[in-house]
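Here's what TrEMBL has on this protein:
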- B:ARG48, B:ARG54: NADP(+) binding site (BINDING)
- B:ARG125, B:SER126, B:SER127, B:ASN238, B:ALA239, B:GLY278, B:LYS293, B:PRO294, B:THR295, B:SER296, B:SER297, B:ARG319: FMN binding site (BINDING)
- B:42-63: region 'Disordered' (REGION)
There are 4 protein chains.
Amino acid sequence: MSGNSFGKSFVVTTFGESHGPAIGGIVDGCPPGIAIEPEFIQRDLDRRAPGKSRHTTQRREPDRIQLLSGVFDGLTTGTPIGLLIQNEDQRSHDYQTLADRFRPGHADYTYTMKYGRRDPRGGGRSSARETAIRVAAGAIAKLVLTHTHGIRIRGYLSQLGPLKPQSHDWNEVECNPFFCGDAALVPKLEQFMDQLRKSGDSIGAEVTVIAEYVPPGLGEPVFDRLDADIAHALMSINAVKGIEIGAGFAAIKQKGSEHRDEMTPTGFLTNNAGGILGGISTGQNIIARIALKPTSSLRLPGRTVDVHGQATEVITTGRHDPCVGIRATPIAEAMLALVLADHLLRQRGQNADVIPPLAALPGGTVTN
Amino acid sequence: MSGNSFGKSFVVTTFGESHGPAIGGIVDGCPPGIAIEPEFIQRDLDRRAPGKSRHTTQRREPDRIQLLSGVFDGLTTGTPIGLLIQNEDQRSHDYQTLADRFRPGHADYTYTMKYGRRDPRGGGRSSARETAIRVAAGAIAKLVLTHTHGIRIRGYLSQLGPLKPQSHDWNEVECNPFFCGDAALVPKLEQFMDQLRKSGDSIGAEVTVIAEYVPPGLGEPVFDRLDADIAHALMSINAVKGIEIGAGFAAIKQKGSEHRDEMTPTGFLTNNAGGILGGISTGQNIIARIALKPTSSLRLPGRTVDVHGQATEVITTGRHDPCVGIRATPIAEAMLALVLADHLLRQRGQNADVIPPLAALPGGTVTN
Amino acid sequence: MSGNSFGKSFVVTTFGESHGPAIGGIVDGCPPGIAIEPEFIQRDLDRRAPGKSRHTTQRREPDRIQLLSGVFDGLTTGTPIGLLIQNEDQRSHDYQTLADRFRPGHADYTYTMKYGRRDPRGGGRSSARETAIRVAAGAIAKLVLTHTHGIRIRGYLSQLGPLKPQSHDWNEVECNPFFCGDAALVPKLEQFMDQLRKSGDSIGAEVTVIAEYVPPGLGEPVFDRLDADIAHALMSINAVKGIEIGAGFAAIKQKGSEHRDEMTPTGFLTNNAGGILGGISTGQNIIARIALKPTSSLRLPGRTVDVHGQATEVITTGRHDPCVGIRATPIAEAMLALVLADHLLRQRGQNADVIPPLAALPGGTVTN
Amino acid sequence: MSGNSFGKSFVVTTFGESHGPAIGGIVDGCPPGIAIEPEFIQRDLDRRAPGKSRHTTQRREPDRIQLLSGVFDGLTTGTPIGLLIQNEDQRSHDYQTLADRFRPGHADYTYTMKYGRRDPRGGGRSSARETAIRVAAGAIAKLVLTHTHGIRIRGYLSQLGPLKPQSHDWNEVECNPFFCGDAALVPKLEQFMDQLRKSGDSIGAEVTVIAEYVPPGLGEPVFDRLDADIAHALMSINAVKGIEIGAGFAAIKQKGSEHRDEMTPTGFLTNNAGGILGGISTGQNIIARIALKPTSSLRLPGRTVDVHGQATEVITTGRHDPCVGIRATPIAEAMLALVLADHLLRQRGQNADVIPPLAALPGGTVTN
């Protein structure tokens, strides 16, 4: 009940704090016979890893993933996959002064109210460190999706503070530390971040994730709609404050004649639905966007209270990401992959005998 | 696995189609000793019911709720509460012409792809009719929240197409068919809807829901964050395409020094967090907003394909809501109530012995 | 969390007390396209129904099942199936004198300790009445098992007090009110029961259930072993105090060379395993036995305490089964069917692509 | 869905094979503030460990438990507890000859049928090695039960083949390698086991586990009865073929006037119920017994088939327990502890406000 598992058929459970000896997790429900390439998992971990550029936290974590079980001769066996990453860079002394006061905008206060106590070292379970295991599990989910149905999942930074890409080239996304698809924006992003870092402040961001080649029919009609589970998954990422599918909040001002995606024998004409109708995939690209808040760990002093309820101030001096959105792309991809792998297995279980009555329509134009 | 249950401790499961003999559900996990006033449940059902004004579907459903079990002498017994609503107005002939073609923007296509077949009468399980049971179960959740902790949940229409309230008075919300808190906007809404109805088109909307007097400490740190579960719950409502907590998408452009909610001995100074930090309630008001798409059931012809994949057109002639957002307020309240009741019981289970180490801070200013 | 649901993929949830207006349930996860014959479900309900002979309680319940949703044109749609049975014979006055004292061996005391209050009418949720919905849901599970894999589930009374069948003929089982396969034993059972009823006492019994034509590979290796889930299911039936699979308690004295079921190209030579090895079905018959205690509702006075903790006596004067084991056969069949349907869908979900590397061995001799 | 988790509120998930680098698990839902003594956990692991006497497998596993998270300053934090045990003695070559044929009575065959492939090294996931993590998690559950309610859980060997203890002294149980409470029986057990080992055969056994000082009110009325969950838990242990609660199978021949446990102001007079009525704890001792089959890994040749379906023979030459029941006592204790910790938290969640209406009756005489 304390909510450290995600999924019903393809289930990941995680444990670990940023300043303990290790973090880890278990993937339960992975089908047998899936080829697991450890370097594929490691690549996604490296994409998420901090310390790769001056724009992310300088905490250095090699994040070497160990697969402890569930794989034999390079293929999954159908039994649970144990995941482990040793913590190597644990400078917990950075945090000692924070133990007696609450950082505004941080989980210090709520953890204390919930548990009556908390692990003050590095935020404990609220640290973004926990997402490393999600990325590893999500990489396994990606392998399942690719090897069984050719589904591809990828994402990019679609806004950072006031800066928005004016173009999108997938080839650019992995060529800069921002996951930005507009090469022309990259120097502006660097300049913006340099200035921000100097000021001791932080900034919000938006990330877009897309799943391509998804078969129609994934998702359940009522509570476990595909979009509802995606919303759950993405909102569970640290710092996310909003989530949109397809047209999202723009749908408020749309008329039905504009919003509905008309269908022709050669495919949908638009994709305002973001690939999901009635909670079930249409076969079009699934498109989701998340809004990430600016991190609350600032070098600028903030008003707060201490554990005795007395007014005080707080400054965060540790190593932190001035924009958590920068590293969020692989995490959002992982969560989307986990949802799709889960629903793929659920659909196989309940409707394995279903033969689609007509060829699935080709997906429509991607509308970001 | 087919996802007709919601919650882990306070669990609601629903069944029923719009054109079967009845819809119903089961609330499992309601604590014993809660006073159940059937008229309270009925009142929320009446708030959701269609046909109350010319701006909603003219389908008339008295929606008389029956409580079949789990209540003895006016108090819950702790055993499951069976809920039943007879369907009375079942003009399924309205839908017969839709059986062989797919309405664009509707779940017809995805249901067929998922199950290999579908119930063409009124959209079957994808019909908004299903939400009546959610509202009944949510009313029970509201009673649990109120009687045990004095928590109050309420909502309002915060946008309809281009029209936004310029003021907010809770007393106005229940005085018009739109759940609008700005009395001055009501005539404009009526005019807008009249014009829309004549044109045969539909429109999107935004609804805001708020939970007040929530104790701090509700929610779990990682996957089952309170905000993640709220996102799941609200995105599971028909037609919802986006969800925000607190500052939401506005957080993208915010700096950390602006976004973080500073704390003083007399309370938080702002509420950009929307009452949730690190996935756990802060004690401030919980504020969520949802974007609802315009319904896809239009009297304007749309291009589509039939079940043989041939191009055709479709017009929806049945009785439909031109703005599903109008009736969405009680549904969104119900889903928020279900999430909070669930997390309240979860917190009691895991941390029943916790004595908060300091008096909870008073909630900050509500910032919509 | 209050445990009124069973299964993970094929899920049944029940509600209702013996003296409320109705009992009911929801089957969620039934695959689409399964032919549902209401008379098949009704037949199992009739097999369970009381009042058919003088050897069971004289409470008369027609138990007319209503299917409220999830079935269209005689086939399941894949959406939840709502089940309802009206309660017609509610003589709750029979129980009024029991409200202030606890019947020894009955759930009166434990319900009061758990909930702080209880519904004294007919035992509330602890009444065997609740099993009617299990039987209806189990009948749907049987239809899934039969229509998809030809699996057959049936059971019989294998002991009543000191009386054990000396032979077994499946054709006899449905020809007497005891579900006894030994025609010669039936007169002795009738005599025994007549005498027992006169004495005001009750008696224990054993029921055996068997699943035939089960494909190998159902069940999960560790906690959700097929035998563990069967034990859970059968032990959840009122009055069950023991459960055996295959050799059961006789295995204590067996040597490994005797117990292990040797394999030949034409099949297993024995079935001490009861059709399950390592928690997974072997393809042999699955054989389970349950021990049912004598009911605690007696006309013989028993020492007890009242709600104030004072010593008193109690006599149960209502209509009760002197041997609950007599009507337990269809209930045990239903629970076994629910477990197998659940694991069938789970196996399809996780291992849908598995092609057995060799033809499954034919099942071995049934050893009861 | 692949069933490597147990519990709903206090949840343990395990991973690992006997011949991988490590086994491990996660305990999710442990309340905060529980004092965790690693040596207490280690003690239970040592009680289960093989190689302590000549009567168990000579595989030597130091089984050093590592607690990787969830504990700070000796107290649980309420976040998940990561458990890890390195595998040190991995002579997988012992098993190479078994890769192409199936051992009768073993999970080789069913794993192959389920997954289409299997890890032949040491039985993979079906190895009893997996139970080490259960024991570690169960020890944490014991600490929760003891520190919050003073509940004590312990067990003993109640039969080995034909040999039954004639007396029971708890002080003797930990003084011999059999967990036998009858000192006079120990030499006979040693003689029996020596002879058995020489013959290359194996033997079944019975283990009894008891929970003392359990508060009344734990367990849920219908599917998640306390006895049903105990049956699930105990039947999930390797080699278990039967489970009894209280009078168990003896109840078949009992009359109701004999079976029912009468109540007096000073307590129950008997305990045929085994501490559970209507699925809910009575406050008496909870008593469960399990039947364990003789292991199927024998040095005596057995008829079987190979992976091509051809007839062949098999001999198991590795290191195995000739009586798996000997080491089963700590495992059965662990599973009982997990069930009770789970239901304790569930009861707190749903019925935290319940004040028992009268002092719980004192527990009755333990009747084994």
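All residue numbers here begin at 1 and follow the chain in the order shown.
Keep in mind that glycine also has a Cβ here, set from the backbone N, Cα and C atoms.
Distribution of TrEMBL features across the structure.
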residue  : record               : DSSP (3 states)
B:ARG48  : NADP(+) binding site : helix
B:ARG54  : NADP(+) binding site : coil
B:ARG125 : FMN binding site     : helix
B:ALA239 : FMN binding site     : coil
B:LYS293 : FMN binding site     : coil
Given binding-site residues B:ARG48, B:ARG54, B:ARG125, B:SER127, B:THR295, which are under 8 Å from chain C when comparing Cβ atoms?
B:ARG125
Number of Cβ atoms other than its own within 10 Å, given for B:ARG54 (NADP(+) binding site):
11
Distance, B:ARG48 (NADP(+) binding site) to B:ALA239 (FMN binding site) (CA atoms, angstrom):
15
Just name the binding-site residues among B:ARG54, B:ARG125, B:SER127, B:THR295 whose Cβ comes within less than 8 Å of a chain A Cβ; none is a fine answer.
B:ARG125, B:THR295
Which of the binding-site residues B:ARG125, B:SER127, B:THR295 has its Cα closest in space to the Cα of B:ARG48 (NADP(+) binding site)?
B:SER127
Residue with minimal Cβ packing [other Cβ atoms within 10 Å] among the binding-site residues B:SER127, B:THR295, B:SER297:
B:SER127
Distance, B:ARG54 (NADP(+) binding site) to B:THR295 (FMN binding site) (CA atoms, angstrom):
16
Who sits close to B:LYS293 (FMN binding site): which same-chain residues at least 6 apart have their Cβ under 8 Å from its Cβ?
B:GLY105, B:GLY204, B:ALA239, B:VAL240, B:LYS241, B:VAL324
Around B:ALA239 (FMN binding site), how many other CB atoms lie within 10 A of its CB?
24
Among B:ARG48, B:ARG125, which are binding-site residues, the residue with the most C-beta atoms within 10 angstroms of its C-beta:
B:ARG125
B:SER127 (FMN binding site) to B:ARG54 (NADP(+) binding site) - Cα separation in whole Å:
20
Could you measure between B:SER297 (FMN binding site) and B:ARG54 (NADP(+) binding site) for me? Cα positions, answer in whole angstrom.
17
Cα-to-Cα gap, B:ARG54 (NADP(+) binding site) vs B:ARG125 (FMN binding site), nearest whole Å:
25
